[in-house]
Amino acid sequence: MGKDDVIESGAGGGEFAAKDYTDPPPAPLIDAADWGSWSLYRAVIAEFIATLLFLYITVATVIGYKHQTDASASGADAACGGVGVLGIAWAFGGMIFVLVYCTAGISGGHINPAVTFGLFLARKVSLVRALLYIVAQCLGAICGVGLVKAFQSAYFDRYGGGANSLASGYSRGTGLGAEIIGTFVLVYTVFSATDPKRNARDSHVPVLAPLPIGFAVFMVHLATIPVTGTGINPARSLGAAVIYNKDKPWDDHWIFWVGPLVGAAIAAFYHQYILRAGAIKALGSFRSNA
């Protein structure tokens, strides 16, 4: 019997009698108290600003890399210039690490509608908060990419505006699968890094939570940049598509909503009902009260 089994079984043999942690109560579907709370609007503003900064830094990195590696603009040695795919992946992962660290105590540091959707399905946030977060994230993404275009207008359209689209040679099914798996990795990492059981037993975990989340984004980008340019964040894809506004990104745009939302839903189900055995615990509680 492992440590978890001993603790959750309790000394007297009663199941879940001696937990060393407390699961937060499920968030209500509609929380009327949220509407009159400044903390909600402060959190929405934090999500807007964080997503704006995220898109500005990352899309500017993508545009800069393409310019530096353009032989017609940077000379014959252009192929050896720029930050490379590794640098782009670091820009995305590093910004998520920084921004989650900065905003986790205010809004939870979602910065991604797929993360918000997964946490909503797990009853970690209310419907009202989830919807406001997603709207703020999408508006922040559009504004962030708009800033890139304003500051780099000479290069923005020329180098694709940082917009996500399916790379040539890949089917839409492949792109969709890449987005589902990539978002699953991210949202599963979010659930694991913020698990109240882990936080209770390892005091350093809450401080380090942004690090594995940022690394998850970094690793997924390494794997999927060649396929879809890496979405795993519908707001990121929407912001670039709106400002760039060309046919190809819009034709493929559904992939960058359906894939991340499906991946987030699978991750929420896997963590809550398989790893944390939520369904079994609920059934045990029902039987004990019967």
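Any Cβ shown, glycine's included, is placed from N, Cα and C.
Sequence annotations record features per position, and here TrEMBL assigns region 'Disordered' to 1-20.
Marked as transmembrane segment by TrEMBL: 44-65 (among others).
The transmembrane segment annotation in TrEMBL covers 85-109 (among others).
Positions annotated as transmembrane segment by TrEMBL: 130-155 (among others).
The annotation transmembrane segment is assigned in TrEMBL to 175-193 (among others). Panel annotation: around the transmembrane segment (175-193), residues 112, 114-115, 118-119, 122, 166, 205, 208-210, 212-213, 215-217, 219-220, 223-224, 227-228, 230-232, 252, 255-256, 258-264, 266-268, 270-272 of the same chain, lying at least six beyond its termini, place a Cβ under 8 Å from a Cβ of the stretch.
As annotated by TrEMBL, transmembrane segment applies to 205-227 (among others).
Look at TrEMBL and you will find 254-275 (among others) tagged as transmembrane segment. Nonlocal intrachain contacts for the transmembrane segment (254-275), taken as residues 6+ away from its ends with a CB within less than 8 angstroms of a stretch CB, comprise 112-115, 117-119, 121-122, 164, 166, 172, 175-184, 186-188, 190-192, 195, 228, 231-234, 237-238.
The transmembrane segment (44-65) makes contact with the transmembrane segment (130-155): 3 or more of their CB pairs lie within 8 A, with pairs spaced 6 or more apart in sequence.
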